Amino acid sequence: MSKILFCKSKVFLHPTSDARDNIAGFLLLTLEANKLSHQAILQYIPESGLSTLEISKLLKHEAKVGTCPTSTPFVIENSINFSNLVNTSLGQAFEISLSQIYCIQFRPPSPNGWYVGSLVIYPLTEQFTGFQPPVLFFHDQLCPSTTDKLKRLRKSMNPFDDSDELYWGGVDLRNKINELMELKKSNLEPEFWLVNPSLNDLRNFVSKDLLESYNNSKKDTTELATAGVKLNEKFQEWKWNVMSKIADVTTKSTNFIDSWLTNNSPIQKSQIDNEYLQKLLNNEKVKQIEQDYDSARVYLANWSLGVKQEAERYQKQNKLFDSYRNNIFNDLNLTDELSDTEINNALQRQFPLTEAKWNSLWDENDGRLRVTVNEVKDFIFHGGLENDSLRGKVWGFLLEIYPWDSSQDERVQIDQTLAAEYDQLKLTWSKDFLQFDDEDEEEYWNDQLFRISKDVRRCDRNLEIFQYNTIDGLPPPPQQLPANENNSTSPESANDESDDADDGVRNPHLIHLQNILITYNVYNTNLGYVQGMTDLLSPIYVIMKEEWKTFWCFTHFMDIMERNFLRDQSGIHEQMLTLVELVQLMLPELSEHLNKCDSGNLFFCFRMLLVWFKREFEMEDIMHIWENFWTFYYSSQFQLFFMLAILQKNSQAILQHLNQFDQILKFFNELNGKLDWNDLMVRAELLFKKFEKMMHVMERDLQNVSSSSSSSSTGVLPCQSERLTLLLSKKPIIRHEGQRSKNSVK
């Protein structure tokens, strides 16, 4: 039994040039019961193989689903055996699964009616060697569903479909396939649409690099009409280039101002002979500017960075790919170190992993992954995940709840086991089971509960699900709101109870967070609860929703992050030392300048690394950043390269404007909400590739030195640094807290 998803009549085969030989038929999309959408079958059945009753039934289905919106439910067909029809249609019929199609060429009809629209199907060669489905021709003037829609469009004075293309019968099929699985238009040949493309297909055939040549090929009589728009785009591009240059000039000009103000101290002013200059320097306004110059430095640094970021953001949003590429190329000082492929792969981040694509990666029989894990991670790292619904499925794999090689049945068993284990862990801290051997343990436990409750009440209260501390999580009635609750931007002040209130947490989602953290305290008794864990837990809960699943994702995340929270701080200290060495190698000028500013230890980076930039970005951005990190696509410590990208991005502002520790600390503290995570991820990837090549070159040089008996090594090459070498590893660094004792400092 199959479901008819799409039906189009009067689709013809043209076996000869004689129109009398044309073969009329039906083009169908069907789906067997209990099959996934990407397993839908595209079928062509000639009318000659159908009875009058069957033709009548199909025409009724065409009226229902041929041009219906996506919300229309599937119609189940019981009386037509499609496979039998295909097999008995004398070789004129065919069927092919959508998952077996590489691409489809949709050739629209001639506007003047000289030829009809058609489509050409290109199967995957490894699955259909020697088989080429015939070209299908859409005789729209004979098809009832197409003519009906054309009448409606003409009546509305709009002959175009939703994508602003001239409507014809093939558009309906294309839209329906796009509902079922990923369908991407090629900029190289606009008539070609890739079906469920791989990431390499997207890079090769839907590349932004092709945008300019594609636009040039589209020039026609509309060129004059679009000239004004293009001129405006050119002006906008020029404007942002100029603004970016102004920021650079301002950066350089402050060198003169800095020198001038430094050399004109009160003692030196008396030595200046110029009467006018003396009068100017004695002016009260000038003195005030001089006294406020430290804060002005931070302002100038932020301003120049802001202009630069706005210019880059405009270039990306308006497809000015070459300009953005050149900016990155110059900023990172890339010469011939990286190949064009490496640079393009880093820059092309516009292809997220979609739900349809994700579903197509799994075997329909046992639910096992059909592609390599690296291919999936490539999609995630370079494009992210399409939406939160998909994150709820994928994060379980990234956080190792589910093995990548598991089957669907095995994952169901894992869910049942982990849910039961979580319930057992929760029981251990319930009032009926909780007992203490001594007063110290009881005091420690109560202190942990207090800390958890206190931090949970402060956790991401700007998010809707955590905003109101009410029993149902909804806004309280207006009469119950304090006077200052009219300001919805500060729900904490209106809804929070005092820190020592026993029933302070009422919001059901906050209660779930509290339960998870208390259970983790039992699960990892040596570490317990440490401030900052709520920052790590909140995004996972927002996605997973279920308490038990959130808990296990969090525990696996904490396996990676536990070294950041060790009591002796050795884990985070080791990362800071690694970052210092990395900056010395990759950004030597910045490293030297920071040392002069007493900031060479990079203390201002501490908080960012501690909770993986949670405080610097919005929730949606953090989800993108973390799922990139969790892939370990290049390195298990890729967060250090992301931090390196932040330093590199701001290096010119620091070098030219800031020269004191407190200025630098203030500057980085004010970066919250000002950073572009996507741009930083591009820079981080290119910096890693550059670092990787540098390490390989230095390792080769070191081997050459070692093999030469006449050579003697002086100093230590960077590749001999264990910390830097470890950055090339994809294996997570796991460090656990030691045994907790009564004397442990919490």
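Here the Cβ of each residue, glycine as well, is placed from N, Cα and C on the backbone.
Annotated features, as they stand in Swiss-Prot:
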type	residues	note
COMPBIAS	481-491	compositional bias 'Polar residues'
DOMAIN	385-633	domain 'Rab-GAP TBC'
MOD_RES	Ser265	phosphoserine
MOD_RES	Ser339	phosphoserine
REGION	470-505	region 'Disordered'
SITE	Arg458	site 'Arginine finger'
Number of Cβ atoms other than its own within 10 Å, given for Arg458 (site 'Arginine finger'): 13
Nonlocal neighbours by CB distance (under 8 Å) for Ser339 (phosphoserine), same chain, sequence gap 6 or more: none
Rounded mean pLDDT for the residues that make up the domain 'Rab-GAP TBC' (385-633): 88
